[in-house]
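K.L.:
First, the structure itself, so that you have it in front of you.
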């Protein structure tokens, strides 16, 4: 039995993945992966996902250059969630140009944006 | 518009939640919450979820005593994933008696259990 067989993919063949900075522990993003994406991630040690909006394999950084280098992969008790512990090229994981996608914090009854844009997205995603 | 309205719940009315230790940054567990669970979490500052297996509101720690005290709530760029930054009572988030549900690490082509059981589950969940 392969280690891939121990992962419980959902009805759509996907598993949630938490991408976490291996050095700082910051959670950078959350996405889904299919079996091929997980296999490629482990083989190439760069993060691969499945993009549900575009319905295709997604090698993170293929457009932005913000490749995620995998240091470790973790599986949870139920076998249905993964963590990729990574080094983030460029220090930017979010398509908004921020370090992390989790840049909004609940303050009172409002979401406040508390993290700076490090690079303008138009500079990241050139045509 | 309420801050709750800015959260994009999925077709089942759920949003994924990453529970992360506010002090160490360790990702402790992953679960889902419905609108009521998120609202209660913010109001009471203890983590509430929706358990899909039992199909009910779940106040984490209600059986185990391992309550999660919320220090901060974060929302991602797409508005469809939350992080609860927490202090974990008892230092145990996983039903297996471990600190974190993510206790298996990929080593070569095998998942290795690399974290110790801190308390026997039979001691945690008494009838």
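Using N, Cα and C of the backbone, Cβ positions are placed for all residues, glycine too.
On a predicted model such as this, the values are computed, not experimentally measured, just so you know.
Feature list, courtesy of TrEMBL:
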type: DOMAIN; residues: A:29-103; note: domain 'Phosphoribosyl-AMP cyclohydrolase'
type: BINDING; residues: A:76, A:78, A:80; note: Mg(2+) binding site
type: BINDING; residues: A:77, A:94, A:101; note: Zn(2+) binding site
K.L.:
What is the three-state DSSP composition of the domain 'Phosphoribosyl-AMP cyclohydrolase' (A:29-103), stated as helix, strand and coil residue counts?
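P.N.:
Reading the DSSP string over the domain 'Phosphoribosyl-AMP cyclohydrolase' (A:29-103) gives 13 helix, 30 strand, 32 coil.
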K.L.:
Determine the Cβ neighbour count for residue A:101 (Zn(2+) binding site): the number of other Cβ atoms within 10 Å of its Cβ.
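P.N.:
Result for residue A:101 (Zn(2+) binding site): 24 other Cβ atoms within 10 Å.
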K.L.:
Taking every protein chain in this structure into account, which of the binding-site residues A:76, A:78, A:80 has the most other Cβ atoms within 10 Å of its Cβ?
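P.N.:
Going through A:76, A:78, A:80 one by one, the largest Cβ count within 10 Å is at A:76.
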K.L.:
Across the whole of the domain 'Phosphoribosyl-AMP cyclohydrolase' (A:29-103), what does the mean pLDDT come to? Round it, please.
P.N.:
97
K.L.:
Using all protein chains shown, find which of the binding-site residues A:77, A:94 scores highest when you count other CB atoms within 10 A of its CB.
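P.N.:
In terms of Cβ crowding, the pick is A:94.
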K.L.:
What does the structure give for the C-alpha distance between residue A:80 (Mg(2+) binding site) and residue A:101 (Zn(2+) binding site)? Integer Å is fine.
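P.N.:
So the alpha carbons of residue A:80 (Mg(2+) binding site) and residue A:101 (Zn(2+) binding site) sit roughly 22 Å from each other.
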K.L.:
Reported as an integer number of Å, what is the Cα distance between residue A:76 (Mg(2+) binding site) and residue A:101 (Zn(2+) binding site)?
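P.N.:
Cα-Cα distance, residue A:76 (Mg(2+) binding site) to residue A:101 (Zn(2+) binding site): 22 Å.
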